[in-house]
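The following features are taken from TrEMBL:
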type	residues	note
REGION	1-38	region 'Disordered'
COMPBIAS	24-38	compositional bias 'Basic and acidic residues'
DOMAIN	149-199	domain 'Inner membrane component'
TRANSMEM	152-178	transmembrane segment
TRANSMEM	337-361	transmembrane segment
TRANSMEM	373-390	transmembrane segment
DOMAIN	375-492	domain 'Sodium/calcium exchanger membrane region'
TRANSMEM	402-423	transmembrane segment
TRANSMEM	443-465	transmembrane segment
TRANSMEM	477-497	transmembrane segment
TRANSMEM	544-564	transmembrane segment
DOMAIN	596-738	domain 'Sodium/calcium exchanger membrane region'
TRANSMEM	596-615	transmembrane segment
TRANSMEM	627-647	transmembrane segment
TRANSMEM	668-687	transmembrane segment
TRANSMEM	693-714	transmembrane segment
TRANSMEM	721-741	transmembrane segment
Amino acid sequence: MATESESGRRRRCCCGQDASDVPKATEPRGDSDGPRRSSLCDRHCATINNVQGDLSCHLHCPRVPSAMCPSSCCQQYSEEVCESCLVKTTLTAENAVEANKLSNNYKFGFKKWKSHVTERPWEDRSEIVKELYSDLNVIRGSGGSMVTCGNVLYLLLFGWWLSLLYVLVAAVMFITIVGAPYGHLCWDLAGYFLWPFGKVIQKVEVPKSHQALGACEAGAESSSAGESSALLGGPIPRRWSRRCWLDSEHWQRASSVVWLCLGYPLLVVAQGLVCVITWLLIVLIPVAKLSARTITRVLLLPPERVLVRRLRMTEVPLEGEVIVCCYRALNPYYYKYAVDGINVFAVNLLPLVLVTLVLGYVDSHNHLTSSSLKFTLALLSIMPLSYYIGMAIASISAQSNFAVGAVVNATFGSITELTFYITALIKGSREGNRCYAEIVKSALTGTLVGCVLLVPGLCMVIGGIRHQEQRFNSRSAGVSSALLFLSVGGVFAPTLFSKVYGKLVCGECHNVTQNPLGHYLCHNCHFDLMENNGTLYYSHVQPLVYTVSLLLPAAYLIGLFFTLKTHSHIYDIHISDCHMPGHHHSAVVHWSRWRALLILLLSTLCMSACADLATEHISPILTNSTISQYFIGVTVLAMVPELPEIVNGIQFALQNNLSLSIEIGNCIAVQVCMLQIPILVLFTIFYPTNFTLVFSDLHVYASMFSVVLMNYIFMDGKCDYFQGTVLVMVYFILLAVYFFAPSPSGC
């Protein structure tokens, strides 16, 4: 989104040609200024003729006289489009649900979601994406050499031993005699699976002369005459003429029994193993599809109906059904693949959640695995659950009105972090261990610093690789920055108060000069707030904490009212009523509201269980690790749950939508200070824990410096990869400080 300024309001219209969620600012390319001076209607018609994706965007533009619009170019869009572009940024989506989701992305306090919540029209998808979802039964023209790195990798990993296995099964089938037809089939499949590329497995119809009992001679003559018949430009399988003596119903039934008992189970296990491994590797999903179709179709067909052929460039299929035809074993674009709207990475990580829960609660005494492994699994399981929670929130919000969406986002938007924090505080309270409270404070600070420095920094760097300079709405970012300043000041106010009025207490001191009046070296020093039976804390600090915890959510609500009601124009977002040709599609949602709600509740429940396991098995790591507990909390516990948000931000940045990338980090940071911390303070009222809103000096300095640096860089409304590099480097410098810092007191 372009910066809103006096000059920004006179920016001309431009239309995004990718499947991006936002408008892209027009950037000068070289010395040519011709494209920037074209008329609005020229640009609009170019978009109509060349649109690729689900969204067309129009930035601020001056009103163009109708006389400037060529008569041959979309007269119906001339004056109306110019009027709509004059004051608003127009987003055009395929349907109302997607439009609502895009609008929610620009609302403060709503979860930003990149993926679609509805099915995209097939004709709007690129050829690359269409190939991902196509079945392996399409014969296409020559696409170059079949000897590629991916195909050779298949040969080395799977092809040779699959082929050998089929040869062994074929030998077993020939030994049984009655299984000879399946032996011939396995022999043909052995050659196919050694190198399946450029070959086809086809289901053919058996000539009637071969189905009649006792008609072997006629069948042989028919086979001989039909060897040159046009079936994929080649002959009918010769094994019909060799097995006429087995064409009786009795022998066919016996052959099928032998096959289902001796051959099929072994091959199903092997092909299933290949299917699972290649699916988990993602880029080898074509091999997984190949194995799945082999198990479900090829191996269950009568052998005389399976034809394995090598396709030549001049051959065109004329008859029969193509079951499998594979050209490439590896496709790097499968990271875009989705199952029912769920990204393939989230699908593959879902079994990890089940494994974590089973190991965590069945092996509670660590007979099978160690605590470190369980903690790692529990932490990794939070990533897919965060994805499912995010998609469920986006789906419900896109299909509901503003009030329902606001309630769902406010209720479940921070559920991932709060679940872990609360379970950690409960465990620390039960064990009387103050270390858990310090870990929670470190995680809160790590989330704040990471979302202020790492998230926008990575987005700037990765987005800057594709776009030389990126612009964003500095006014909307300024609202989040102001709230961030307010929230950081409020959160650390009790800490600063304790530094001023608290008493410095040290654990042990040593006289380094052997002189009673000389210098002393003290360790484990901190400000004591409990002097005189806690008069300072209970009379002054605690009331201040409660006051801040009430004011911060109130400020958050005021910010919501400001950005969503009274000053919503600062986002300049308008959902267009005029759809591009070919975009009149009804919404087919991936998840209905009730289904999304059910998934949201189940994911939250699993999240609570994984958080409980993580806090249960973190003790050995805290006690035995030589790394500072500060570092563990700031990095692992803080940023792992935010990985889905980081991926969303990077995707937005790649599409030149840095505004949403910045808002993702700012909104999380604001929610940490204005919602999560007050909720934790409120929780301690009803369930006393060791959590107090007094942070260490390191947390205070790191947070304040990060916020100041972020506001300085975002001041002009534009950025590049160098500024992103600065943010990322500062983040890693702070991580180095935490790494070498001594463990907090109480750990």
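Just so you know, glycine gets a Cβ as well, placed from its N, Cα and C.
Note that the structure is a prediction, hence the values are computed from the model and not measured.
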- Given the transmembrane segment (373-390), which of the listed stretches 402-423, 596-615, 668-687 has the most Cβ pairs that are under 8 Å apart from it? 596-615
- Message: Below 8 angstroms Cβ to Cβ, which residues of this chain, lying six or more residues outside the transmembrane segment (596-615), approach it?
- Response: 353, 356-357, 360-361, 374-375, 377-379, 381-382, 385-386, 388-389, 391-393, 395-396, 399, 412, 415-416, 419-420, 423-424, 427, 436
- Return yes if the transmembrane segment (544-564) and the transmembrane segment (152-178) have at least 3 CB pairs under 8 Å (sequence gap of 6 or more), otherwise no. no
- Note on the structure: Residues outside the transmembrane segment (152-178) whose C-beta sits under 8 Å from one of its C-beta atoms, at least 6 past its ends, are 184-187, 189-191, 193-196, 246, 251, 254-255, 258-259, 262-263, 266-267, 270-271, 274, 278, 284, 287, 329-330
- Message: Is it the case that the transmembrane segment (477-497) and the transmembrane segment (668-687) touch, counting contact as three or more CB pairs under 8 Å in which the residues of each pair are 6 or more positions apart?
- Response: yes
- Message: Below 8 Å between Cβ atoms, which of the listed ranges 337-361, 402-423, 443-465, 627-647 makes the most pairs with the transmembrane segment (668-687)?
- Response: 402-423
- For the transmembrane segment (443-465), sequence-distant contacts whose Cβ falls under 8 Å of one of its Cβ atoms, 6 or more beyond its ends: 417, 420-421, 484, 488, 633-635, 637-639, 642, 645-646, 649-650, 652-654, 656, 658, 661-662, 664-666, 668-669, 672-673, 676-677, 695, 699, 702-703, 706-707, 709-710, 714, 719-728, 730-731, 734
- Item | Residues of the domain 'Inner membrane component' (149-199) by DSSP state, where helix covers H, G and I | 42 helix, 2 strand, 7 coil
- Item | Summary of DSSP states over the domain 'Sodium/calcium exchanger membrane region' (375-492), given as helix, strand and coil counts | 102 helix, 2 strand, 14 coil
